[in-house]
Amino acid sequence: MEKFIVKGEVQLNGTIRISGAKNAILPIMAATLLCSGVSIIHDVPYLRDIKVMQDILTLFGAKIIREQDTLLIDTSNIQDADIPEHLMREMRASIFLMGPLLGRFHKVKLSYPGGCAIGPRPIDLHIKALEKIGASVKENFGFIEAQAACLTGGEINFDYPSVGATENAMMAAVLANGATIIRNAAREPEIYDLQVFLNKMGAKVIGAGTDTIRIDGIKKLTPAEHIVMSDRIQAGTFLIAAAITHGDVVVENILSEHIFSVTDKLKDIGVKITTGNNSIRVRGGDLRGVDIKTLPYPGFPTDLQAPMLSLVTNAKGTSIITETIFENRFKHVDELMRMGAKIKVEGRTAIIRGIPKLTGAIVAAHDLRAGGALVLAALAAEGVSEIENVYHIDRGYEALEEKLRSLGANISRHKKD
Ligand SMILES: CC(=O)N[C@H]1[C@@H](OP(=O)(O)OP(=O)(O)OC[C@H]2O[C@@H](n3ccc(=O)[nH]c3=O)[C@H](O)[C@@H]2O)O[C@H](CO)[C@@H](O)[C@@H]1O
Ligand SMILES: C=C(OP(=O)(O)O)C(=O)O
C-alpha cells in the first residue's frame, strides 16, 4: 500500500500536457475484439485500469505490445474464454466487454463489474439494450449469460442516458443484421470517440454526441489506428489544482468545448480562464462560493465533483454542490472535514461554508476522484498531509505526483508503514 505525502501552500506554475482519456481508451480496447488483426491506439497513459483491460484481452488470446504511449493490440488469434471474477471486479469498464464479445462470439458469460464505490451501479440498462437487439440474457448467482445466434438491429430507448450502456449497445450493434437506433443515448465526448474508432474499423455509426445514434450493421470489421481523445477529467483536475493553489498553469492538449461546464464554473468562482488553441490557461484569483449540480454531458461532470468540492472549501461564502448521477459520491467529505473543511451533507447535497485555509491531516482516498480531490486539498492546506490508498488514484491519474512536481508541488510517494 502506498501513500502520498504533500507539503501544502505551494503555488503551481507551468505547463502540463494532458494524455489520452481512460474512459475513451477502455471501450476502444474492448472494441478491438470485434475484428481480427492489429489495431493501434496512440496516447495511452500508464493506468491501472488499462493494465487490467490488457490482462483481460490477453486471456482471449490477444497479443498486446506497448511502445511508449502506443498500444498495438493483435486480435488475430482470439478465442472465447471466461473472465475471472477478480478481473471483472477490478473496474467498471469490464462490462464494456459484453457487447463486443456478444458481437464476435454470439455468447458471453460474465460476473458483475467493479469500479469506484460511489453508490449502486446496476447494469440493467446494458442488459435491456442487448435484449432489444436480439440477445437472450440470464442472470444467475452473480453471473450474466447472454447469447444471440444472430444479433438483429432494433430500437433501444434508454430510460436514462447511461454512458456505459450506450457504448455497449453501439459495440454490439455494429455487427448486427440491420439498423439499430439508440434514443436518449449518452452524449459524452468519449462516446463520439468510440464512434470515430468503430467507423475507422469499417462500421457505420452516426449521431454520437447527440441523443440519437444510428448503427447500420455490417458483416465484418477490420483493425484500425486511432489517437485517443484527451482526458477532460484529468484536464479539469489540473485546472482546479491551479485554482486552489492560486497558481498560473497552462493545460495543453484539451479541447475547451469538452469542459466548458467546468471552466464556466471556475470563472464564476473567480478564477481567470484564457482559452487558446487546444489549451487553457488558468490563473487563481479570490475565490467565491458557487452552486453546482452534476449532470450528464454537457452538464457538470460527476467525475469532477470531488475536486471542485475541495476548491470551494476555500471559497468565500457558501457553496452548494448537488450530486445527481451517483447515490453515494461524497466519501471525500469526511476526509476534507479532517482537514478543517466546514461541510454538511443533506441527501445528495453538500453545503460548504468556505474557510480561509485547510490544515494538513492524514486522510484516505476512498475512490479515484475522491483521491484526486484530497491531493488538491493537501496542495492548498497549511502543513503536511498524508493521503492513503494511492492505488485508487493510480486507476485514473498517470504519475500524478510527477506531473504535479513538474508544476512545483511538494509531493512524494511512499510505502505505507
Ligand atoms: C469507465 C467509465 O467510462 N466510467 C464513467 C461512466 O461510468 P458508467 O458507464 O458506469 O456510468 P453510467 O452513465 O452508466 O451511470 C450513470 C447512472 O446511471 C445508473 N445506471 C447505469 C447503468 C445501468 O444499467 N443502470 C443504471 O441505473 C448508474 O447507477 C448511475 O447512477 O460514466 C460515468 C458518468 O459520467 C462516469 O462517472 C464514469 O467515470
Ligand atoms: C467513476 C470513475 O470510473 P469508473 O466508472 O471506472 O469507476 C471515474 O473515472 O471517475
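Glycine residues also receive a Cβ, built from the backbone N, Cα and C atoms like all the rest.
Annotated features in TrEMBL:
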| type | residues | note |
| --- | --- | --- |
| ACT_SITE | Cys116 | active site, proton donor |
| BINDING | Lys22, Asn23 | phosphoenolpyruvate binding site |
| BINDING | Arg92, Arg121, Pro122, Ile123, Asp124, Leu125, Asp303, Ile325 | UDP-N-acetyl-alpha-D-glucosamine binding site |
| DOMAIN | 7-404 | domain 'Enolpyruvate transferase' |
| MOD_RES | Cys116 | 2-(S-cysteinyl)pyruvic acid O-phosphothioketal |
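Where TrEMBL records a feature, it is marked here on the structure.
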residue : record                                        : DSSP (3 states)
Asn23   : phosphoenolpyruvate binding site              : helix
Arg92   : UDP-N-acetyl-alpha-D-glucosamine binding site : helix
Cys116  : active site, proton donor                     : coil
Arg121  : UDP-N-acetyl-alpha-D-glucosamine binding site : coil
Asp303  : UDP-N-acetyl-alpha-D-glucosamine binding site : helix
Ile325  : UDP-N-acetyl-alpha-D-glucosamine binding site : coil
| query | 10 Å Cβ neighbour count around Cys116 (active site, proton donor)? | reply | 21
| message | Counting Cβ atoms within 10 Å of each candidate's own Cβ, which of the binding-site residues Asp124, Asp303 comes out highest? | response | Asp303
| Longest CA-CA distance among Arg92, Arg121, Pro122, Ile123, Asp124, Leu125, Asp303, Ile325, per record bound to UDP-N-acetyl-alpha-D-glucosamine, angstrom | 22
| query | Counting every protein chain present, what is the number of Cβ atoms, excluding its own, within 10 Å of the Cβ of Arg121 (UDP-N-acetyl-alpha-D-glucosamine binding site)? | reply | 17
| note | Near ligand 2 by the Cβ criterion (under 6 Å), the binding-site residues from Arg92, Ile123, Leu125, Ile325 are Arg92
| remark: Cβ neighbour count (10 Å, all chains) around Ile325 (UDP-N-acetyl-alpha-D-glucosamine binding site) is 20
| Sparsest-packed among the binding-site residues, when each Cβ's other Cβ atoms within 10 Å are tallied, from Lys22, Arg92 | Arg92
| said: Averaged over the domain 'Enolpyruvate transferase' (7-404), what pLDDT does the predicted model reach? | reply: 96
